[in-house]
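Asker: OK, TrEMBL features for this one:
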{"type": "SIGNAL", "residues": "1-16", "note": "signal peptide"}
{"type": "DOMAIN", "residues": "22-144", "note": "domain 'Piezo TM1-24'"}
{"type": "TRANSMEM", "residues": "26-43", "note": "transmembrane segment"}
{"type": "TRANSMEM", "residues": "55-78", "note": "transmembrane segment"}
{"type": "TRANSMEM", "residues": "121-138", "note": "transmembrane segment"}
{"type": "DOMAIN", "residues": "157-488", "note": "domain 'Piezo TM1-24'"}
{"type": "TRANSMEM", "residues": "208-230", "note": "transmembrane segment"}
{"type": "TRANSMEM", "residues": "276-297", "note": "transmembrane segment"}
{"type": "TRANSMEM", "residues": "406-424", "note": "transmembrane segment"}
{"type": "TRANSMEM", "residues": "430-449", "note": "transmembrane segment"}
Amino acid sequence: MSAFLLMRLLLPLSLGTCVLLRQNMFSLIYLLLLFFTPFVGNPSEKNMSGLTGSYLLVVMVISILITIAQILFQILLISNQPYGYFLPNCGKMDYIIRHIGLLRLDSISPLTGIRLLTPEVIMVTSSITVYVLCYKWTRPSQTRINQPSSYFSNTNRVKFVRALGKYVSTLSLCVAGCIQPSVPGALYFLVFIGTMTLWSIHQHIGKWYTYVLCGLAVVVALHILALFAVQTQWVQEMLPRADCNYCRYFGLTILVTRDCLSPQEEEFPYKNWDSYLNPPILLGNFYILAMVSRMLCKLKVENIKPRSRLVSVRNEEEYVGITTNTPRRSATKKEECEGGIGKRGTLNHQLLENSILGDQHKHDFCQKSDRLKLSVKNISAVVKKWRADAKGLAGSMVWSITYHSWVTFVLLLWAIALCVIPNHRRRMETSSPFLVFYSVFLLLCQYLYSMDLSDMELPQEVAGINLLQLGFVKTFHYPIVHLLSKVISA
């Protein structure tokens, strides 16, 4: 289990941190390694001598080579005094070297220097640690103890992990779609809404969900690559200076800018925390989707024993019980009839009566226990139904009161009407599909009005109707707060 945590937790966190701290060719290599991590097998004796061991070795070698390149470049700059005189700012050679990832440390603040050089320290330390410990803990003497695949050998655990993976992936899609509304974010949000809608009407999520997650993992990877590319100076120079419509549509926010007067220093123009929280959430979303889709494709429930085998075993047990008990009773009757030893016959007869009475008491106790369990089960089912009704009514009221408008006034009227009319549970079950689809409509409208669109692209007034008064309000600042609160209410 320790090797599993190192491979699935420590290594992805290290790679993701290096990608977030800076954006150049070296970080792009770390990003590609991160994309490949979920599809590598878990550390084991067999895998460490195969693809998993080769992958960890490649990560370690690449980290060491990048660190050596940084050290040699600094030695070259120091040995040619004055420091870096042959690399003028924004020159062709300086331009290429900076995009590769080789850094000049003059004229930068200590905080910037630490941020730009920390990835090498993190990757060298973590890659060596993960490789050495995984190789050590998966040796033959410790394979049975530390092999993580044995955790999934039990059928109940397999079902639990599979269900948990579906829930976690669905929630990650919700957060990734709400953090910064855009065209790819709308795709994540639509899948989340569709999945939750199917669950709400008691529809089973089948194998198609696995294929959807695989496709979404590819989309998220492309989204991350595009967001990574727009942080580089080379791509920023090709984009329109005034306003980039495609960047707004696809959520490609420029978070880091550079100036030729001091290209080593980086400026962060945006002050909203959700813009800087978007990249780590996308990385986490990709990793979760890739891991869950791989698990759903590979993980198979093991049938411990077939049904026919269980039936035959039970029949054999019953047969053995009959054959072993019958001779005792026949022997007892024989002794009574033949009049063997009187005391022994009386003793055996009393034991037989006690056994029958004990079985009868045990049977009565089992019947009472079954009745009690059934009563508790029925009561808990009724309580759950009433709790679900109360939550639905409370959610509708909270939504309509917090975001009061004409479109949410319908939710308030619906909740009040159900509380007043008799037999409201039956009416609620009848009208619940309408409530579900109306809530989905409001969520999609809120998502559309949370995107970074101008008044020409998304007007506030259509055919003389003021959409603002109806409740369709644009939210540019922290849209995730409003979206998540409405999702929870729905």
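Yeah, the Cβs are placed from backbone N, Cα and C, and that goes for glycine too.
Mind running through what each feature is packed against?
Answerer: Sequence-remote contacts of a segment are chain residues at least 6 beyond its ends whose Cβ falls under 8 Å from one of its Cβ atoms, and for the signal peptide (1-16) they are 30-31, 33-34, 37, 40, 42-43, 52, 56, 59, 122-123, 126-127, 129-130, 133-134, 137-138, 146, 148, 151, 280, 283-284, 287, 291.
Across the domain 'Piezo TM1-24' (22-144), the model assigns an average pLDDT of 88.
Same-chain residues lying 6+ beyond the ends of the transmembrane segment (55-78) with a Cβ under 8 Å from its Cβ atoms: 7, 11, 26, 29, 33, 36-37, 40, 48, 84, 87, 97, 101-105, 117, 120, 123-124, 127-128, 130-131, 134.
Beyond its flanks by at least six residues, the transmembrane segment (121-138) meets 2-3, 6-7, 10-11, 14-15, 17-18, 30, 43-45, 47-48, 52-53, 56-57, 59-60, 63-64, 66-67, 146-147 of its own chain at Cβ-Cβ distances under 8 Å.
A Cβ distance under 8 Å defines the sequence-distant neighbours of the transmembrane segment (276-297), meaning residues of its chain 6+ beyond its ends; these are 8, 12, 16, 19-20, 34-35, 37-39, 161-162, 165-166, 168-169, 172-173, 175-176, 179-180, 188, 209-210, 213-214, 216-217, 220-221, 223-224, 227, 251, 253, 255, 268, 270.
The list of residues near the transmembrane segment (406-424) in space but at least 6 beyond its ends in sequence, with Cβ under 8 angstroms from a Cβ of it, reads 389, 393, 396-397, 399-400, 431, 435, 438-439, 442, 445, 469-472.
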